[in-house]
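J.: Pulled these from TrEMBL:
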TRANSMEM  26-48  transmembrane segment
DOMAIN    41-290  domain 'G-protein coupled receptors family 1 profile'
TRANSMEM  60-79  transmembrane segment
TRANSMEM  91-108  transmembrane segment
TRANSMEM  140-158  transmembrane segment
TRANSMEM  197-216  transmembrane segment
TRANSMEM  237-260  transmembrane segment
TRANSMEM  272-292  transmembrane segment
Amino acid sequence: MEADNGTGISEFLLLGFSEDPEQQPLIFGLFLSMYLITVLGNVLIILAVSSDSHLHTPMYFFLANLSFVDICFTSSTIPKMLWNIQTQSKVITYAGCITQMYFFILFADWDDFLLTVMAYDRFVAICHPLHYTVIMKPQLCGLLILVSWVISVLNSLLQSLILLRLSFCAEVEIPHFFCELNQVVGHACSDTFLNDMVMNLGILLLGGGPLAGILYSYSKIVSSIRRIPSAQGKYKAFSTCTSHLSVVSLFYCTSLGVYLSSAATQSSHASAVASVMYTVVTPMLNPFIYSLRNRDIKRALKRITGVPVM
């Protein structure tokens, strides 16, 4: 390998899921199918929201943004993996690895914040219905999206910049299908204390903080729903939250499961397989969760595609 200033190397190797050549076509076909479904499903959600005036509300505005972020989130990892399989190469350049980590962290954080913003939207709608239109003004919705984006950019920039100070003394083989931050930091031959501290602090603040906000919002939502006298009223109020709650549960349970399973098994390969759940499967399922549980979305999709949605 050629030496690169400050790193000692110029490229990394992404080992992926299997080194067996016979399994590569199956892996390629599976991930290509999931990627195309993810892109198509989320694009349809964006088109449905933007083309139907009945969906021009804060809830669907945030949903369209979530779909956009899910497309970008998946696109930060899967195309490179597919390209490596197609070209029978495992190489990713040092600059390419840093760039991939930057965008992966950016869209993962933004996804996290959007789920929190959507929880706040449901909290206002159910707990303060008479003031909903006053509170959730277009200016506030735009500001929430902007603040989420700025914080995500700053965190991903910080995590990427402090990675540049690390040195890598030998050929780095990453047992993953993309450049995951903790995997790359773990292969450095220089002191990683600062990187570990900033990484863990980012997970605590930008992962735990939004989760706490979501849990608080839903605790208030549950309290408000319990005070509704009729069973039909309770069902109607809770039905507006089921899709979002399903997506939140899927995202956090899978991502938390990745870190718990990797900590328990100490297997990087197992962690790579588990990571597929929140990096690929969750963004792919989000459009189905929202379209199958939402009459307005189904009506808009039927108008766009001409095909009834079950």
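Cβ from N, Cα, C; glycine included.
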J.: Do the transmembrane segment (26-48) and the transmembrane segment (237-260) come close, with at least three CB pairs under 8 A (pairs 6 or more apart in sequence)?
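T.: As far as Cβ distances go (cut-off 8 Å, pairs 6 or more apart), the transmembrane segment (26-48) and the transmembrane segment (237-260) do not touch.
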J.: Can you work out which residues elsewhere in the same chain, 6+ from the ends of the transmembrane segment (60-79), have a Cβ less than 8 Å from its Cβ atoms?
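T.: Beyond its ends, the transmembrane segment (60-79) has Cβ neighbours at 31, 34-35, 38-39, 42-43, 45-46, 49-50, 100, 103-104, 107-108, 110-111, 114-115, 117-118, 121, 141, 145, 177-178, 247, 279-280, 283-284, 286-287, 290, 296-297.
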J.: I'd like to know the mean pLDDT over the domain 'G-protein coupled receptors family 1 profile' (41-290).
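T.: Averaged over the domain 'G-protein coupled receptors family 1 profile' (41-290), per-residue pLDDT gives 89.
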